[in-house]
Amino acid sequence: MDWINAIIQGILLGGLYALFAAGLSLIFGVMRLVNIAHGDFIVLAAFLGLSVTSVLGISPLLALLLVVPAMAALGYVLQRGILNQTLGDDILPPLLVTFGLSVIIQNGLLEIYSADPQKMSAGPIETASIALPGDLNVGVLPLIMFLVAVVVIAGLQWVFYRSALGRAFRAVSDKQDIAELMGLNKAHVFGLAMALSLAVVAIAGVFLGIRTSFDPSIGPGRLIFGFEAVIIGGLGNLWGTLIGGIILGVSQNIGAQINPGWQLLAGHIAFLFVLAVRPRGLFPRID
Amino acid sequence: MTTTTYSISRSSTVTRTAAVVGILVVAGLIAAPWWAGRADMRLLSEMFLYLSLACLWNLLAGYAGLVSVGQQAFVGFGGYMLFALAIFAGVSPIVAIPLAGILGALVAVPVALLIFRLRGAYFAIGTWVIAEVFRLSFAQISALGGGSGTSLPVAIVRGMASNRSMREATTYWLALGMAVLVLVVIYMLLRSRNGLALTAIRDSEVASESFGIDIWRHKFVVYIIAAGLTAMTGALIFLQKLRISPDAAFNVNDWTAFVIFIVVIGGIGTLEGPIIGVIVFFLLRETLSDLGTTYLLILGVVAIVVMLKAPKGLWGTLKERTGLELFPLSRRVVKNKSDK
């Protein structure tokens, strides 16, 4: 039963990892930009959530109403102000500039909030659980997180393939100059993509902050999980990202079940195994 | 009658002068134990080791297009190999350093086979995953202290030299020797056929492939050489520290972020860049380190501003304006006038 439990909890944890990964996958798909500061943005969102909940005295889930637009606005401004200048054939500028941003966010958070671990409380919902047959229990909160992940990914999928904004994303991603000739403002479209990415990051960050304790230094670890989920699932495939997150969550939980010291290692090994066998991921987008 | 002939030359008065000055500087640095204090020597050793790391990262990113943010994997691996060889096999640290380098190069082979499947920025984060795997794996080895690490036994440290000042001089010379070795290896590599191929690949992958250059093999060779020398540098770093732990050995800030900063400030894709970068980095560190986190904030801002405003770094910008080059690497056509 312990094993089945570990797998179920791993699947639910995978939802959170998919949320880490979705934003990363989205901006890579649109502008081939890999955001090294992605994990630090997740932590920043968690701290913003913490500040909003403690100042206004509201539930972290309500705080999302403020954190999501704030992060989206930050994403748009950063993209227009700094990141657009780094885009081109060379991969170094975006990599190094987001690396610099990562250092700035980590140390800025350290300065403001100190290195103490923090946690947000979502009230009685945190301990509520649903009993399943066979002595299994599923936490209500992890279940909500998983369902939100599914809804977010379905939403992104819809935006990307069914909306005018998604058409702009795909057009700019395919051929920037021709998209511009058709009247699209590349800088603006990229700004919107980063805004959407950080809106998803905001949800991921607040959920992370409810689920576990966090401190300013944990960003890079979240970036790695997100990145692994993207590669396992297959580059550019949003549903693949969800499956990648689930595989990562399940392998971590199985690893932890064998030996607590192997939790993270098991996730990394699952990632390296997929890389060795299917370098383009399990479900690469056909293009 | 005056005829004009042309020849291709690599050296110039500047490079010959630079070579002489360089040799004089190295000679002065070798003599440091007789003129410098203990603290100065420690600082210089640290600069030499950072210079090695920076030159090697620059070789990967600036010449081979392999942007890695996981070089701490090899720094930590080299450090741990030094400790393991010295503690379990009773190997003298001086012998263990090159052995750590060879082991580092060997372990880089399977790593490269895996990680070369990823492109560009995904390669970068993939290398980071490898470094994490190394960190978590070494944290599981209880014989090496597990998560809390271990110290180099006093007997082994004492065995290196008869007294403390001799031991400090030895580690200093090893660090200086490492930096010189790295510079010489990279210089020779860049002047060889392999270097020509690397330059061609950097300028155009498609064109160089059509000329029959095996891009994968050239990048692979560079990656293995860089990994081996990085592991040797790592062994020296932890020989100086005398203590190792997974978090210190595989620290992304210490062994990769600062190194990237050094290369970017100095000028990526030049041999001179890392030298300038190390000097600037240590000047900043020695003057601003009292500021704590603010110092790192400043470092982050400086890195972003340099990348956006002067992506070629200090030396690259200077080179672009003046054509100055201290290491004779590029070829230029020289006009010779002669009377016949």
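Keep in mind that glycine also has a Cβ here, set from the backbone N, Cα and C atoms.
From a predicted model like this one, the values you see are computed outputs, not experimental measurements.
What TrEMBL records for this protein:
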- A:6-29: transmembrane segment (TRANSMEM)
- A:41-71: transmembrane segment (TRANSMEM)
- A:91-115: transmembrane segment (TRANSMEM)
- A:136-160: transmembrane segment (TRANSMEM)
- A:189-210: transmembrane segment (TRANSMEM)
- A:222-248: transmembrane segment (TRANSMEM)
- A:260-277: transmembrane segment (TRANSMEM)
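Sequence-distant contacts of the transmembrane segment (A:260-277) (same chain, at least 6 residues past either end, Cβ-Cβ under 8 Å): 225, 228, 231-232, 247-249, 251-254. As a quick check, the transmembrane segment (A:222-248) and the transmembrane segment (A:91-115) miss the bar of 3 or more Cβ pairs under 8 A, pairs 6 or more apart, so the two do not touch. Looking at which of A:6-29, A:91-115, A:136-160 has the most CB pairs under 8 Å to the transmembrane segment (A:189-210), the answer is the stretch A:6-29. Only residues 6 or more beyond the boundaries of the transmembrane segment (A:91-115), in the same chain, are considered here, and those with a CB under 8 A from a CB of the stretch are 33-41, 43-44, 47, 50, 78, 82-83, 85, 215-217, 219-220.
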